[in-house]
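Asks: Dumping what Swiss-Prot says about this protein:
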ACT_SITE  290  active site, proton acceptor
BINDING   118, 120, 121, 141, 153, 154, 211, 218, 300  ATP binding site
BINDING   291, 300  Mg(2+) binding site
């Protein structure tokens, strides 16, 4: 893999080397750690973390670097793919100011209490102080065994690491609250995995992602303390989180009120987060409580996926294929269920049930209002307050599921329909608006033809029943837009910021994985460039906006994923 390939995505900015970064580790300093030092699987008590160092790897090599994250942290891109800085990002070297640890937490998995979980292969190096004095945890995922590894090997494979690296940055560019990713490093070692848990394990290349977040604390960090009846540590952890990450609450409220206000804010942020997921068609895939961020960020990119054919019941996770607990349409309900588990864990701090119920109500209100506003924007409307808007939406969702229709492409096509063609040149996947007939002049077939790029089965899409139904809905939509009486350019602008043209389709990530396995980094570099501007027309990347190709329909890694990573 060439040095030039690693650097061609954008110009190098002069920044300090990683070795000059400042670390100040308040979490380790302010919370009690595990007094035991044995790095063997075991139950940990009365501690928020265990100090543990990464296990060195044979031959680390930098595969990808996120320039924007490096600039945010004030860290220069490593001078070469095998530089000393890469040794740090692989866990082979620890800087003097780092204090690596694995966090202790528990969680509910698929609706059942799973007991102690913890960072079984993720090791936080420390808290970096950025040039603007913000704190960020740097965490290596796949860094080796910890006391929380149970029977696992503490490593991660290339395929899951590429997916996490890419999706972290894709979500940020989409405007979705998320953790970030700084680097992707190959370990030079093989990892044995049974990808679909079907009795066919095989060797895969290993990798390590350096994840970045103000905090990786989860609902499960609090759940384990409540479950193990450690109320004083529960209070310490809550005080730490509020003081560090919700300082406006700490300065204006005192216990016990501050805990209720904090829970309310966690509920509010989670409502906004899930509404964003729904807006862009993202399905997390494994919404266990240990995968829910206390800061309202998307965390732990495992068997996630993006809606291609619109389906409220779709899940990318093979483990969830039967129950579909974590499917697209269930995500708001599951988020509230998870928040209820967090509320239960916080009862030693918030004895007033009404305060907890209020927080949960805030989640529902926040999600509903945010999602309603986002749906209005996706349709180019100022709001969804007309009497027939509910039926307009429900009929749309039913119609989209009648024939396999790509969610992302459908809304981009809807954005481009020529309601009132405007002058000037507007980039579009269709002919310029002035060359299109007005929708008033189109018959049903001509109107539906504008959506051909979104259909996976054109024969079904243009059947009489579906054509009539979709065209009927489109004419209702057009009438509704005209009721607004707003300039066409305003509708287009709203929709262009709410409806991405580019998302990280599973097959695109899989192509990047397979290319890296061959030693080719050009695919991931191109994806990183495209994903920086998901709402923009990018003619040089037009092929990456197309619907999933037929060869990827049933290909492992493209259509179905497991928790194996």
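The backbone N, Cα and C atoms fix where each Cβ goes, glycine too.
Give me the lay of the land around each of these features.
Replies: Residue 290 (active site, proton acceptor) is surrounded by 22 other CB atoms, counting those within 10 A of its CB over all protein chains shown.
Secondary structure at residue 118 (ATP binding site), taken from DSSP and collapsed to helix, strand or coil, is coil. Counting every protein chain shown, the Cβ of residue 118 (ATP binding site) has 25 other Cβ atoms within 10 Å.
Here residue 291 (Mg(2+) binding site) comes close to 107, 218, 284, 299, 300, 302: these same-chain residues lie at least six apart in sequence, with C-beta atoms under 8 angstroms from its C-beta.
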Asks: Return the member of 118, 121, 153, 211 nearest to residue 290 (active site, proton acceptor) in space, with distance defined Cα to Cα and candidates limited to these binding-site residues.
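Replies: Among 118, 121, 153, 211, 118.
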Asks: Checking the spread of the ATP site as listed (118, 120, 121, 141, 153, 154, 211, 218, 300): what is the longest Cα-Cα distance, in whole Å?
Replies: 22
Asks: Which site among 153, 300 has the most other CB atoms no more than 10 Å from its CB, taking these as binding-site residues?
Replies: 300
Asks: Determine the Cβ neighbour count for residue 211 (ATP binding site): the number of other Cβ atoms within 10 Å of its Cβ.
Replies: 26
Asks: Residue 121 (ATP binding site) has how many other Cβ neighbours within 10 Å of its own Cβ?
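Replies: Taking all protein chains shown, residue 121 (ATP binding site) has 23 Cβ neighbours within 10 Å.
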